[in-house]
Amino acid sequence: MTASARLLIVGPQGSGKGTQGVRIAEAFGIPVVSTGDIFRANIKGGTELGQQVTAILDRGDLVPDELTGEIVRDRLSQDDAQSGFLLDGYPRNVAQVGHLDEFLSARGEALDAVILLDVPREESIARLSLRAQEQGRSDDTEEAIAHRLEIYENETAPILAVYGERGIVDRIDGIGSLDEITERITSVLAARGLTLAS
Ligand code: AMP
């Protein structure tokens, strides 16, 4: 059986959305489309895009909507994303929700579910500081972390109201073991009739 699911995972930085996104995408046999990963790969590879966005990422600011939208449209147009995908990190503000809606509705598609990984602010700060020590990500400085959390609260959290009106948001408690949280996510998706690849 081939599973089809068009998913978005949202949560503050440090909520574990990257890790859970990969697990859920694997379970459904769909690709993860992570804008942060795409930007970091381009920075690492020294591409023109990478050079354009390095300073923006280091500050913890958002890359302009137009540029980000173009990257996502290109990625979602690839063959492996035709019967499903899991978006991680996009859309990140209400304008980007509009861009994604336009793109998907032109294909006769829409998101099936938005998984909100809920963790208290203190917990995400603690996890991010730990990741900074372990991975040395250049945007995991104390200043950039605080800035990214502020952007999350001011710009990203409002997208949940928009998707909430459509009845597609599933709030998941992000505190627990990796397996417990994956299980919580797969159960709420199953309740929506979204079943795993077998
Ligand atoms: P992430 O790995 O999702 O935390 O993203 C890392 C960084 O990439 C963010 O702090 C932004 O600078 C940039 N970025 C990722 N996704 C987006 C987006 N949808 N819109 C604008 N900038 C983004």
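First residue shown is number 1, and so on along the chain.
Glycine is no exception: its Cβ is also placed from the backbone N, Cα and C atoms.
Automated prediction, rather than curation, is the source of TrEMBL annotations.
As recorded in TrEMBL:
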type    : residues                                                                             : note
BINDING : Gly14, Ser15, Gly16, Lys17, Gly18, Thr19, Arg131, Gly176                             : ATP binding site
REGION  : 34-63                                                                                : region 'NMP'
BINDING : Thr35, Arg40, Asp61, Leu62, Val63, Gly89, Tyr90, Pro91, Arg92, Gln96, Arg137, Arg148 : AMP binding site
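Shown here: features listed in TrEMBL, placed on the structure.
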residue : record           : CB count, 10 Å
Gly14   : ATP binding site : 24
Ser15   : ATP binding site : 25
Gly18   : ATP binding site : 18
Thr19   : ATP binding site : 13
Thr35   : AMP binding site : 21
Asp61   : AMP binding site : 15
Arg92   : AMP binding site : 20
Arg131  : ATP binding site : 16
Arg137  : AMP binding site : 16
Gly176  : ATP binding site : 13
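The Cβ of Tyr90 (AMP binding site) has 23 neighbouring Cβ atoms from other residues within 10 Å, across all protein chains displayed. Gly14 (ATP binding site) has Arg137 as its nearest neighbour among the binding-site residues Thr35, Asp61, Val63, Arg92, Arg137, going by CA to CA distance.
Helix, strand and coil content of the region 'NMP' (34-63), in residues and according to DSSP, is 22 helix, 1 strand, 7 coil. In this structure the alpha carbons, written CA, of Arg92 (AMP binding site) and Ser15 (ATP binding site) are 15 Å apart.
Close contacts with ligand 1, defined as a Cβ under 6 Å from any of its atoms, occur at Arg92 among the binding-site residues Lys17, Arg92, Arg131, Arg137, Gly176. Taking Asp61, Val63, Tyr90 as the binding-site residues under consideration, the smallest Cα distance to Gly16 (ATP binding site) is found for Tyr90. Nearest Cα neighbour of Lys17 (ATP binding site) among the listed binding-site residues (Asp61, Val63, Tyr90, Arg137): Tyr90.
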